[in-house]
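Copied from TrEMBL, the annotated features are:
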DOMAIN    17-448  domain 'Major facilitator superfamily (MFS) profile'
TRANSMEM  89-107  transmembrane segment
TRANSMEM  113-136  transmembrane segment
TRANSMEM  148-166  transmembrane segment
TRANSMEM  178-199  transmembrane segment
TRANSMEM  264-287  transmembrane segment
TRANSMEM  299-320  transmembrane segment
TRANSMEM  327-349  transmembrane segment
TRANSMEM  355-373  transmembrane segment
TRANSMEM  394-418  transmembrane segment
TRANSMEM  424-442  transmembrane segment
Amino acid sequence: MGAPVWRAHSHRYTHHSVVPFGSHLLYRRHDLFLLCGRHLRMAGQANPFVRRPIFGLSHHGLTNTAVAQPPSTADMDVRHRRMRRKAMLINNLFAFIGGGLMGMAKISRSFEMMILGRFVIGAYCGLASGLVPMYVGEIAPTSLRGALGTLHQLAIVTGILIAQVLGLESLLGSEELWPVLVGVTVLPTVLQMVLLPFCPESPRFLYIIRCQENHAKSGLRRLTGRQEVGDLLAEMKEEKRRMDMERKVSIAELFRSPMYRQPIIIAILLQLSQQLSGVNAIFYYSTSIFQKAGVQSPVYATIGAGVVNCAFTVVSLFLVERTGRRTLHMLGLSGMCGCAIVMTIALALLDSVPWMSYISMLAIFGFVAFFEVGPGPIPWFFVAELFSQGPRPAAMAVAGFSNWTANFIIGFGFQYLAELCGPYVFLIFAALLLFFLIFTFFRVPETRGKTFDQISASFSQHPSAMMDLDMELGKRSTELDYLGGGGSLD
């Protein structure tokens with residue numbers, strides 16, 4: 001089978017990959033409006049009711065990220081044993097219940113319902129942040145895996161932009177309508193629950209974990225649009241053979257085993273490079289940052305940053321399979337580091353040089369753009385690529401926990417760092433970005449055009465084997481060209 005066949009049916013993969021992201025249009029939406037509690041400055045002026053003291057209890061808004069951490073780790077067994085599609089359907093109940101509780105909080109005159117809703121949404125976030133990219137990574141062909149994986153981030157940033165627009169006081173960000181704003185969560189949840197049953201279960205999960213060959217073939221036929229899928233099944237058989245030789249991998253084993261230690265460290269640091277880059281500090285406090293920069297309409301400038309966010313995620317969508325994950329990630333990190341330095345200089349000189357407000361605004365837009373080129377979308381699906389079917393659930397759990405923990409730290413601590421360091425606070429992020437750039441250059445391999453089995457096998461042989469494999473496949477245009485002699489595509 002040649003590459004054009006896969007391209008001819010790529011719409012099938014896009015369709016089945018988009019549906020799981022439906023409710024992701026909601027979960028970052030709650031981060032936007034409530035994560036920073038009484039310090040929120042995200043999408044328009046914070047609602048007066050939400051700003052009241054009972055809703056500013058000790059950063060209650062951080063419950064979303066705090067509660068997301070345990071589920072992101074605890075769902076390892078769910079990911080390993082439960083059907084991917086069924087797990088996502090069940091997880092939607094958390095979003096439905098959480099959105100309902102928050103939407104009914106005002107009419108019930110109960111701030112406890114708001115806080116409980118945040119807890120429930122947090123549980124949903126922790127589970128969804130692992131289940132969705134893992135499902136998409138398992139059903140996507142190697143030649144489309146990066147592009148389809150980027151849809152995860154595109155759904156998140158689209159939710160951010162929708163939240164920023166709907167949160168304007170002239171729309172739903174008013175005293176009367178804010179319950180509708182937080183309760184609208186249930187709409188994409190219901191949509192996903194209706195559409196997800198039409199998506200196939202992960203053939204890789206069905207065959208390798210459940211040993212259901214006939215069901216796996218059926219799923220492959222739905223995904224590829226052809227009846228003969230023996231070559232695809234052969235690749236899964238080889239991966240299953242390797243996995244059967246391994247004992248069940250626990251989280252502790254990921255760190256103890258030399259085979260998994262390097263990829264799990266890479267996975268963790270990639271997640272940290274996303275959250276500790278400073279982008280969430282920008283979005284949590286962007287309106288106040290624009291105000292300090294002297295921008296006359298900071299709310300609309302924040303929405304402008306959201307538009308840039310979406311636009312450059314789409315750019316990454318088209319570049320990730322052409323230039324590679326590693327290259328895009330380094331490009332994003334280096335660009336963000338430069339923008340952070342420019343932003344620091346502009347904010348420091350703002351009082352003496354008024355036109356620096358425009359420079360700081362451009363630096364913020366550039367910072368966001370470079371984030372979406374690499375560090376935004378890539379860590380989510382890169383983790384799934386580093387591991388074979390056996391250790392993947394445990395690795396996704398560790399990566400998700402790392403991501404949400406770093407998210408919590410930034411959401412909680414940035415305001416204090418900003419008060420302490422003033423305009424120089426972004427130099428901290430510049431230093432972190434430089435560290436992650438150096439680490440990526442020396443330790444992170446390129447996974448473009450490689451099957452899961454090839455990637456995991458290279459780590460089991462020797463870390464440098466990945467670089468050798470990259471050189472070997474570098475001149476191949478697609479995975480299918482390489483596998484034409486008897487291999488198969490993911």
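Each residue, glycine too, has its Cβ placed from N, Cα and C.
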To the transmembrane segment (355-373), which of 148-166, 299-320, 424-442 is linked by the most Cβ pairs under 8 Å?
299-320
Out of 113-136, 299-320, 327-349, 394-418, 424-442, which stretch touches the transmembrane segment (89-107) the most, going by CB pairs under 8 Å?
113-136
What else in the chain is close to the transmembrane segment (424-442), if you only count residues 6 or more beyond its ends and a Cβ gap under 8 Å?
269-270, 272-273, 276-278, 281, 326, 329-330, 333-334, 336-337, 340-341, 343-344, 347-348, 375, 414, 417-418
With Cβ-Cβ distances below 8 Å as the criterion, list the same-chain residues six or more beyond the ends of the transmembrane segment (264-287) that contact it, or say none.
32, 35-36, 39-42, 160, 254-255, 298-299, 301-302, 305, 329, 333, 336, 340, 364, 367-368, 371, 375-376, 378-379, 382-383, 386-387, 395, 398-400, 402-403, 406-407, 409-411, 414-415, 418, 425-426, 428-429, 432-433, 436, 439-440, 443-444
In this predicted model, what is the average pLDDT of the domain 'Major facilitator superfamily (MFS) profile' (17-448)?
79
